[in-house]
Amino acid sequence: MIMLDWASLRRKQENRQVDVVSPAPPAVDPVPAPNPRNGIALALGGGAARGWAHIGVLRALEEARIPIGMIAGTSIGALVGGCYLAGKLDELEEFARSLTKRRIFGLLDINFGGSGLFGGMKLTARMEEHLRDVTFDDLSKPFVCVAAEIRTGHEIWLSSGSLITAMRASYALPGVFEPVTCNGRVLVDGALVNPVPVSACRSYEQPLVMAVNLHYDLFGRAAVIKHAADMPKETEDGEKAPLVVDKGPHERNHRLGITGVMVEAFNIIQDRISRARMAGDPPDLSLQPKLGHIGLTEFHRADEAIAIGYETTQARLSELDRIIAVLG
């Protein structure tokens, strides 16, 4: 086990404790240092259903023949990144596009008396159809899954052992999915500590870090609303002022259940943490797909999310090429 101080990697202003561990014994060796000219480092952020946009991002990079040197992923970013490096992106995309509300419900196994609403074993069984016995050593490039240790609050980097176990730990949303135990550590969703894992990419000393932030357009910036009367009004053409993200009449009038409240509260946490961490440790290039209209649990909207991720990346390819040319 290696204790790393995140701030010492970049700012040396805070004391963040990061453990690099293996999801299966023995403890992990130090993070390897790949060739720094082997391609860009990609930080794939968390965002639940909006994370299908990562598939579109990877498709656009593939088409443009942009080399990827390593990937760090949090939550669904870990799921997509892991499948990509395992050569299973086609299977994941097919699965995502096939989802309907009914199929999603069928994948959720209620966990009575457990520490999460869902056990997650049905999802695990689906992953094992394609990734059984796959380890980090089998991946085409270095990969880091970010998780959080629930007892200590430590940020955990998983970079060896079982790929499925690491991905499950990274997306184990507290209260929704059962935590995952690795080497005696109880791990939950990495978005609690590092929603967009730029710092994990920096540790590999890649020349260029590109982040995909799925929360950019979800909440207002700067203002604090003290009274309801202070809420921005609609303009004459019906548009909302920038402070408020209008999610449509369905979401405005829909009463949230307990799961919805937990997920939306977690969404706020991710947004605030990602802003703070990316301000202190900014990527060289940040992609910010506009996904605020897609609900965190709307996994059946994969077609739309993938298209948005693809189009967002396409629009920044010329800028990415210029940065690579300067660094190369």
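Backbone N, Cα and C atoms are what each Cβ position is placed from, and that goes for glycine too.
Any TrEMBL annotation is an automated prediction that lacks curation.
Straight from TrEMBL, the features:
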- 42-202: domain 'PNPLA' (DOMAIN)
- 73-77: motif 'GXSXG' (MOTIF)
- Ser75: active site, nucleophile (ACT_SITE)
- Asp189: active site, proton acceptor (ACT_SITE)
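Note on the motif 'GXSXG' (73-77): mean pLDDT across this stretch is 98.
Neighbours of the residue listed as 'active site, proton acceptor', defined as other CB atoms within 10 A of its CB across all chains, total 30. Residue pair Asp189 (active site, proton acceptor) / Ser75 (active site, nucleophile) shows a Cα separation of 6 Å. The Cβ of the residue listed as 'active site, nucleophile' lies under 8 Å from the Cβ of Gly45, Gly46, Gly47, Ala48, Gly51, Ser170, Tyr171, Leu173, Asp189, Gly190, Ala191, Pro195, each of these being in the same chain and 6 or more residues away along the sequence.
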